[in-house]
Structures are given as structure tokens and as C-alpha cells.
Amino acid sequence: MAAGALRGLPVAGGGESSESEDDCWEIGYLDRTSQKLKGLLPIEEKKEKFKKAMTIGDVSLIQELLDSGISVDSTFQYGWTPLMYAASVANAELVRVLLDSGANASFEKDKQTILITACSARGSEEQILKCVELLLSRNADPNVACRRLMTPIMYAARDGHTQVVALLVAHGAEVNTQDENGYTALTWAARQGHKNIVLKLLELGANKMLQTKDGKMPSEIAKRNKHHEIFNLLSFTLNPLEGKLQQLTKEDTICKILTTDSDREKDHIFSSYTAFGDLEVFLHGIGLEHLTDLLKERDITLRHLLTMREDEFTKNGITSEDQQKILATLKELQVEEIQFGELSEEIKLEISGDEFLNFLLKLNKQCGHLITAVQNIITELPVNSQKITLEWASPRNFTSVCEELVNNVEDLSEEVCKLKDVIQKLQNERENDPTHIQLREEVSTWNSRILKRTAITVCGFGFLLFICKLTFQRK
């Protein structure tokens, strides 16, 4: 009896009989036929070896222990299974071994699924993508949410894994699901500043108008987190990318998502009109039509072109001369945002007349750009709704935004009138001050003229927006 007990104790590696297959792993039991050893000590020892093998990622030892009878769904600390642990470290080879041994890909602990664990893993995107692909191939549900109502695609978007996001959508993940705070995958990507994720989600049909529980859209979230490039991208009126992949089959979508750049150049599966019609118009309008084929080959849309940085221009083969043309055109088209955080430092009592005049001129120029932009939109809008080619959301969305614009313009007009009254009051006081040396009449007349032009411009802009609003309501 004592001898039997001694035979069951762990021994040093290499001390087993020659028949043992576990010499190098120090499994340490000799009598495999003993029911007592099978029921008690060997199983506990195997579990301990299994945990250590999982920790160091020893796939061959894990496979050996699984073959010896260790349960593939045995639980570790916090109730995690081996598969969940392997997914958390993005060990694709280990995930494959465990799945092939029958591990449950749909296991969850406290509303934490293995797929969510894989999507939020710390590792290379290549390894995470392989893990996610393996789990999806074993029917892991991509729409099961955690306790915070976050789904796998939200975690992937938050962490910047573009290919993982696309793969999840190809397997049925809902793009516009919202978590407990009203965040979508697009909102998370905008918050974290992942431009490529934002572009991909728009292409996959993400709704950029969905608001969080505190009433913020993805563009506003991006702006609040100082991701101005993404803010401009999401604020762009046209959206040729939206829903671009929604009509494809699952197989075609996966093929499109996972092909290399060279494959995309060889096999471009989308309609050039749908993806590049507006781009061609833009390029022809500024005399750069020779760039059309180049941008098509690289799958660059107008939205992407308008948000490119200088290094991206060079990387995509756009010459310095062409870059200057594009940037010059954008400077004319875009309304430069006034940094009001800086105005508090500029508008002081010591401000010179020239500086204040420059501020008013800049404000007037901004209003002029806005008026031109609205005029262009009005002339470009089709009179008949049947002539609208691109996919449009409900006109009610546009009408509500126009109403808000009209209100903002009215507020701006009111504030400009207040500014004019304050300046007029200061001017009258100075004219009545006997100690003040009068300026030349020409300067006074010029300042008054600038104020009048500013007020007229703002009122004119409000009138144009009112006309635009009526146009949408008529439609």
C-alpha cells in the first residue's frame, strides 16, 4: 500500500520508467493503471501542468495533456476557460488547437464572450484577425454584447483593427448597434481617432447621424477629442462610401476585405460611377483628370482625397504640382474654422484698430464663403427627386439641419447687430470727448462701411438658408 502511494508521488523529470511518454514534461506519475491515481492526484497534477503550459504557450504540451484526458473546457481563475485565455493573448495557434479539441467557441463568463475577448486582446492585428476568424468559423455570435452592451465590432473599432471590423460585418455583425451610452462602432472609432476605421465603417453602412445618450453625433465626438480630420470627414455632405458593401454577398464581402492591394488593382469589383463619379467631376473641374486612373487603382474616394495629408499625397504618387492645385482648391472651398479659444487672447482692451478690423474682415470673408457654398448647393440640387442618383437619407434630416442653420444665422445676425451698436456707442463717445483728437473722416467712413457690409452679408446668408429650407420642404 505504501509502495503504491510512493509510486504516485511526483518525481523529477527523467526519473520515470522507460515506458513513460512524459519524461520531458515532468508529469511525474508512474502507475497509469491505478484507479486511485487516475481519480485523484494525476488529474490535479495534469491540471496544474495544463495551467503552466497555457501560461507559457506550450502548444505541444497542451495537445499532449488534452490527449491524456484533460477537459478542454476546464476552468481557471475567474472562471475562464483555456480558449478564453488563449483568445485574450491572441495566440492563434493555441486557439486552433483548443477548437479542434472541441472547445466551446460560444462560452461566456459574466457576459464576456470569447469573441469579445479576442477583439479586445493585446497583440498584433494579424494574430487577432486569425483568432476572430477561427471563432467565427465555429459559429461564435458576433452580435452578443457584454454587460456594457458593447459588441465585438465596437471593441475592434475602439482598438483600431480595420480588418477585424470588416470581417465581423461580413459574418453578420450589426454596424449600428449602440452600447449603454449610445456609442456605435463609428462613434468609438471617431473618439479614438482611427481614420481608416471610420472610412471602412462608412463603407459598410454605418449611420453617422446616430447620437449618443447625451445627444452627440460621431463628428462631434471626434471634434471634442481634437480629431479634426475625422470631424471634417464626417461633416462632409456627400457620402459616396456609405453602404457600399451592403449589397454584396458574404463571400464577396470577405474577398473584398481581405484582398491585398495588388489584388484590388487587378480586380476592382465596384461600379466606378458609384465610387468615383463625384471624384471625376472634382478632378476635371481643377484640370487634374489625369489623376483619375491613379486614384481608382488605389481605391481613393473624394472623401479620402479631401482629408489627405502631405505625406499621403506623396505616398500615393501625386506630384508636388498637383498637390498644390488640390490644396489651393480646398483652401477656396473649405471654410476655415475660427479658433475661438485663441480669440480670448486677442480681443483685449489693448487690441489695435487694425487687428480688430482684420478680425471683422475675416469674419465677413467666412460669411461670404458660406453664402457661396449654399448658393452652389441650391443650384446643384435636382428639382425632381427622381433625378437623385446617390442614396439619400430621409429629407426630414436635411430639413431639420436647415432649420437649425437658420436659427444659428438669426442668432449670429443678432450678435453682429449688438456688436455694431457697441462700436457705434464707442464711436459716439469718442466724437463727443473734447480731449480726443478726431481721426480722418475717411477712416471712420471705411470702418462704418465694413460693419454695414458684415451685417448685410449675415442677413443675406440667413435669407439664402431660408430659401434652402423652403426648397427641402417643397421636396
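Cβ from N, Cα, C; glycine included.
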Listed range which Swiss-Prot flags as region 'Disordered', given the options 1-22, 177-198, 199-220, 375-396: 1-22
Tally of residues which DSSP labels helix, strand or coil - the repeat 'ANK 5' (181-210): 17 helix, 0 strand, 13 coil
Secondary structure content of the repeat 'ANK 4' (148-177), with strand meaning DSSP E or B: 17 helix, 0 strand, 13 coil
